[in-house]
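Novice: First the structure, which I've put down as structure tokens, then a few questions once you've had a look.
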Amino acid sequence: MAAAPLLLQRAGASLVGAIVPALVIVLWQAATTLGWVNPQVLPSPLAVLHKLLEYLLPLQSYDASQGGWLAWAVSGELVVDSLGSLYRVAVGFAIGAGLALPLGLAMGANARAYRWLNPMMQLLRPIPPIAYIPLSILWFGLGNPPAVFLIALGAFFPVLMNTIAGVRQVDGIYLRAARNLGASGAILFLRVILPAAVPYILSGVRIGIGTAFIVVIVSEMIEVNNGLGFRILEAREYFWSDKIIAGMVTIGLLGLAIDVAMNRLNNHLLRWHRGLEQQ
């Protein structure tokens, strides 16, 4: 019985969060219907929805001789482009976070490593991944490798800096209590420092994924011939503003879905860590 009020509370919060987007869509539709804006520049929400569905549907009619029904159903441009972008984000983020996490743990836990490496990290950190585009093309050519390289760069520093901060800001009370109980070395690190740093690390992961999405769209506009970024650039060349916005909406929905999944993972892993979101 206690779960019912909680479910109602969450449903109410979701409805409140939907009010502003709904108002924006209503005003947008009214502006286009009343002729306040040029539909070539800003198409109506209904036109964008129509283009989104057209973008989603397969380009060819179903032919059983060409393959199974499922393969045909996911052959639309939107599905193919979304999968291409998600693949690049997944590979690039895995590389960037996979390098940043152990390095951040080492720099946070070891003062000597921090003194040696931090100046270089602080020098490289302000350089946006987009600035590496010419070099990435020179080093890797065109296609997935340069895009993955840029995404890895974009994900690397948020995870690195949050991991360092998480390790270095572990409360001294925890360390003293663990040492009084005989913990030291690897046990102290694995049982005290690492768990205490997990909230920071997961925040870095969340930020890193967001940065990876920004970078993948930019890199696809320059270095590959598929993906959501490529399709938006292609639509710009033909002045298909409805398809541009449809691509943007798709990016937003994918980002929202991943962020919600990450937030739920955070809440599951950090049940012991009560913050404002749980109050």
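Every residue, even glycine, has its Cβ placed from backbone N, Cα and C.
In TrEMBL, annotation is done automatically, which means it is predicted and not curated.
Pulled the feature table from TrEMBL, pasting it below:
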{"type": "DOMAIN", "residues": "82-262", "note": "domain 'ABC transmembrane type-1'"}
{"type": "TRANSMEM", "residues": "12-31", "note": "transmembrane segment"}
{"type": "TRANSMEM", "residues": "86-111", "note": "transmembrane segment"}
{"type": "TRANSMEM", "residues": "123-142", "note": "transmembrane segment"}
{"type": "TRANSMEM", "residues": "148-167", "note": "transmembrane segment"}
{"type": "TRANSMEM", "residues": "188-218", "note": "transmembrane segment"}
{"type": "TRANSMEM", "residues": "238-261", "note": "transmembrane segment"}
Novice: Given pairs 6 or more apart, does the transmembrane segment (123-142) have at least three Cβ pairs under 8 Å with the transmembrane segment (86-111)?
Specialist: no
Novice: Below 8 angstroms Cβ to Cβ, which residues of this chain, lying six or more residues outside the transmembrane segment (238-261), approach it?
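Specialist: Result: 40-43, 47-48, 50-52, 55, 78, 81-82, 85-86, 206, 209-210, 213, 217, 228, 231-232.
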